[in-house]
Ligand SMILES: NC(=O)C1=CN([C@@H]2O[C@H](COP(=O)(O)OP(=O)(O)OC[C@H]3O[C@@H](n4cnc5c(N)ncnc54)[C@H](O)[C@@H]3O)[C@@H](O)[C@H]2O)C=CC1
């Protein structure tokens, strides 16, 4: 995608200014989100050609950004809330725990694990999520005397990540190219205090080991939920319309309408169920509503009736009762001890014959072979997603070769918009960490020996 022109950016800025007040639905999805501020940052950086060179990192710009009165007020409110939180927590914290966050001051060693971009790194100055552009925080970190090592080499005993584990204070990694932080690595990491996920989903960390070691684990909650929900909608349409065989026909010089049409349907009137209905699940349901589908959701938590009514979906307490009703099932839970392997042979057998499955949550929520077998037998009519286990997916991963799949590498949550948001979120948390301040509460996955509720 090309960069936005100044006119486009101005339009976006204007439309943001005239945006109607958030409704109850949006309030629930974005409590204290980064969204507005970061979009503002993004617009600011693109619409001020006099002060910014295109090759600079965009996420530095919000330091110079003059807040509007409303934003200044909200920032001041946040500051006073965080001061109050600190006062309360310091009043109650008496224990001496060597690895708790902010246990030591001074220069830090920060290790980042990202995917390599090679020739693509220079093609877009906002492409900050790769090794080469390193979230755009290198100058900022190094100017304060911190050491910043960045690599994509993350597997095996001789990899670059392993070399830096013993003296790293902070490890940042993205779910797109996850640095697996195992219990063994945590044991070796004597200086480690903080594990940051540049994105959402911290299952690449052995969270139990992190709890036991009293590490802090945090992610940029909300940073790419819109990106994933949009991508899920695209995958649903690709499967329902049997799009991919048509695309392949065009490339291979064929023309066979029947070969596509015999199993292409409308989305209207179909029953779609989301398993997990947090931020992404709700955004997906909101996007599906205008298609005239019958919407169901299963989650640990039932929505407030007003929100449920606004979204137009019905709660299904029992997953196994919801599945046989669904033409399309979308997975939107984190990978936890409870959801690992949740979709095995028996559960897949409970689904309708020909069911379409979209999974952008995590590959390991599915039993790999059961999915491949389901696609081969036709019980699963189509499977699409961007998440695999492990990542990168090995060349012989069965999902590469099963019929009726529309798989991609892990991309849905790393759009340029998402990268700008999660890079700024990481920078904010590092800034708080250096100052000994708390992070936004919803970002914590492990804090003071406790695991966030959605991972339990
Ligand atoms: N493919 C990609 O690029 C991305 C993937 N993700 C994945 O999507 C997941 C969900 O993200 P969000 O919606 O932001 O998280 P969220 O925390 O807002 O929502 C997760 C929902 O899952 C529910 N849940 C947890 N365990 C459950 C269980 N055993 N049964 C039923 N429901 C359960 C929770 O109650 C919660 O409502 C992330 O954890 C991550 O794994 C997130 C962002 C990007």
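Every residue gets a Cβ built from N, Cα and C, even glycine.
Taken from TrEMBL, the feature domain 'D-isomer specific 2-hydroxyacid dehydrogenase catalytic' applies to 141-438. Sequence annotations record features per position, and here TrEMBL assigns substrate binding site to 200, 224. The domain 'D-isomer specific 2-hydroxyacid dehydrogenase NAD-binding' annotation in TrEMBL covers 234-412. Look at TrEMBL and you will find 279, 280, 299, 334, 335, 336, 337, 338, 360, 386, 410, 411, 412, 413 tagged as NAD(+) binding site. Feature annotation from TrEMBL assigns site 'Important for catalytic activity' to 362, 410.
Everything TrEMBL records as a feature, shown here on the structure.
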residue	record	Cβ neighbours (10 Å)
200	substrate binding site	25
224	substrate binding site	28
279	NAD(+) binding site	23
299	NAD(+) binding site	20
335	NAD(+) binding site	23
337	NAD(+) binding site	9
360	NAD(+) binding site	24
362	site 'Important for catalytic activity'	24
410	NAD(+) binding site	23
412	NAD(+) binding site	23
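Taking only the Cα positions, the spacing between residue 360 (NAD(+) binding site) and residue 200 (substrate binding site) is 12 angstrom.
In terms of C-alpha distance, the listed recorded positions 299, 335, 337, 362, 412 place 412 closest to residue 224 (substrate binding site). Taking every pair among 279, 280, 299, 334, 335, 336, 337, 338, 360, 386, 410, 411, 412, 413, the residues recorded as binding NAD(+), the greatest CA to CA distance is 25 Å.
Across the fold, the C-alpha of residue 337 (NAD(+) binding site) and the C-alpha of residue 362 (site 'Important for catalytic activity') stand 13 Å from each other. Closeness to ligand 1 is met by 200, 362, these being the recorded positions among 200, 337, 362 whose Cβ falls under 6 Å from the molecule.
It is 12 Å from the Cα atom of residue 412 (NAD(+) binding site) to that of residue 362 (site 'Important for catalytic activity'). Geometry remark: residue 200 (substrate binding site) versus residue 299 (NAD(+) binding site), CA distance 18 Å. DSSP assigns residue 279 (NAD(+) binding site) to a helix. Listed in sequence order, the binding-site residues near residue 362 (site 'Important for catalytic activity') (C-alpha within 10 Å of its C-alpha) are 335, out of 279, 299, 335.
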